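**Student:** Below: one structure in structure tokens.
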Amino acid sequence: MMYFMLGVVFIAFLTYDLYSEKLGGASKRVKFVYVVLLLLSAYHLSIFKGWLYSYSYYDMANLIFGGAAESILAYLNPKG
Amino acid sequence: MKNMLTPNQLAVLLFVFLTGSSIINIPAPLIFFSHNAAWISIICAAMLGLLVLLLIMRLARRYPGLNFIQYSSKLIGKPIALLLGMLILTYLIHMAAAIVMDIAMFLNSSMMRDTDYTIFVILIFLAVSMTIRVGVGKFAGMFGLLILSVMIFVVFNISLAIPGYDWHYLLPVFDEGIKPLLHGTYFIYGFPYGEIVLFAMIIPYVRLKAGDRTGRKLAFAILLNAVFLILVTLATILTFGPIAGERKYSMFEVARTIEITEIFQRLEALMGYSMIVASFMKASIVLFLANITLTQILGLPKENRQLIFPLALFCTIISISVGIRGEANWNFIVTSIHPLWGLICATIPLLLVSFVSLFRKKPKQV
């Protein structure tokens, strides 16, 4: 059901953007970012589905902020 | 000019942004961290929020019509300003995903247990992206009425729960020292007061004039939010006492305790409505901010709507994929990483830009 809904929404909005928002005539920068965002979405969907074992958005956040957040927590809540 | 805001609309948007999902979600974890000093944590964090507002308004009046990235470019150079913009964008994407995930988890755990949470995430982001497409002027007007209904139901809920309050539950305070208070302040600064920084991107939608009292109206919005948060936190403590920190979706749980002469009961439905509507409004504002931040980074006109859909889709998939590392990991992200993320990606850039502005001449007003 989830994939069906995503597919319907994707087709509907892509069609709307191409015809109403004139995506076809947009600058190269817009088209590039549009494709990058769609690819990032596909990447995260692959991780969710289990086809790809890689770092997700929140895995990166954990990697960057996790250590410092744990230290702050250890100071503020010494009981654990 | 369409899609401009009045100072009153901006204040309403700020109130919606601050109150949105926090009124239902904040009390339980806050009480878990600060125990009976939770209401004091709110006061401390609200004071910090007012300081943040002071900095934002100072920069907004100094550079009228410019958003955070635009005046940062003038102050610290375009490359660093774009980097700060990217940091803010990552924070906004996380916020949008987290807020919608929160609504989905609430619906899945409280009301519609057999429905897959991904359906809620997709439908909510669909509604949010269609809302922001109409423009900030239109949805700001709509949100005023919606937040009024939410606050009426919250007040109704707090008032009708009074028979169940035990005033002894307010004590003791500071039984474990000051660290629980600091922990609570850290948490609630991250959500929602530290997020005020993001309003530096939306202030240019208001034509600031001398004597319009925009700053005071925004400060009033913050104070009103703090009052409501204190009221709901106290209501939760007074109702549940020692287990208040364990009752997720506090106002929903408080509403479930209300039963007056078999007429006033099952009021949790009103709180369910309040939670969903308030979080939807906040998610809309956040996704709108993400869109204008992205268009500003790319140097596109601010009315550009071509990237709303892919941005919303990306946030949807991020939100759906949240649960793959388990609920404990998600709780850690929301309660511990989120405040730090906001501090590094929003508050520190604002402080940096404000600091640099002290050493630059005020630009000539045309």
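Cβ atoms here come from the backbone N, Cα and C positions, even for glycine.
From TrEMBL, for reference:
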type     : residues  : note
TRANSMEM : B:38-60   : transmembrane segment
TRANSMEM : B:80-105  : transmembrane segment
TRANSMEM : B:117-136 : transmembrane segment
TRANSMEM : B:143-165 : transmembrane segment
TRANSMEM : B:185-206 : transmembrane segment
TRANSMEM : B:218-244 : transmembrane segment
TRANSMEM : B:273-295 : transmembrane segment
TRANSMEM : B:307-326 : transmembrane segment
TRANSMEM : B:338-359 : transmembrane segment
**Student:** Can we call the transmembrane segment (B:307-326) and the transmembrane segment (B:218-244) in contact, meaning three or more C-beta pairs below 8 angstroms at a sequence separation of 6+?
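**Tutor:** No, the transmembrane segment (B:307-326) and the transmembrane segment (B:218-244) are not in contact.
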**Student:** Do at least three CB pairs under 8 A connect the transmembrane segment (B:185-206) and the transmembrane segment (B:218-244), leaving out pairs fewer than 6 apart in sequence?
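**Tutor:** With 3 or more qualifying Cβ pairs, these stretches touch.
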**Student:** Take the C-beta pairs under 8 A between the transmembrane segment (B:185-206) and each of B:38-60, B:80-105, B:117-136, B:273-295. Which stretch has the highest count?
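**Tutor:** Of the candidates B:38-60, B:80-105, B:117-136, B:273-295, B:38-60 scores highest.
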**Student:** Where among B:117-136, B:143-165, B:273-295, B:338-359 do we find the most Cβ pairs under 8 Å to the transmembrane segment (B:38-60)?
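**Tutor:** Comparing B:117-136, B:143-165, B:273-295, B:338-359: B:338-359 has the most Cβ pairs near the transmembrane segment (B:38-60).
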**Student:** Counting CB pairs under 8 Å, which listed stretch among B:80-105, B:143-165, B:338-359 touches the transmembrane segment (B:117-136) the most?
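**Tutor:** By the under-8 Å Cβ criterion, the transmembrane segment (B:117-136) pairs most with B:80-105.
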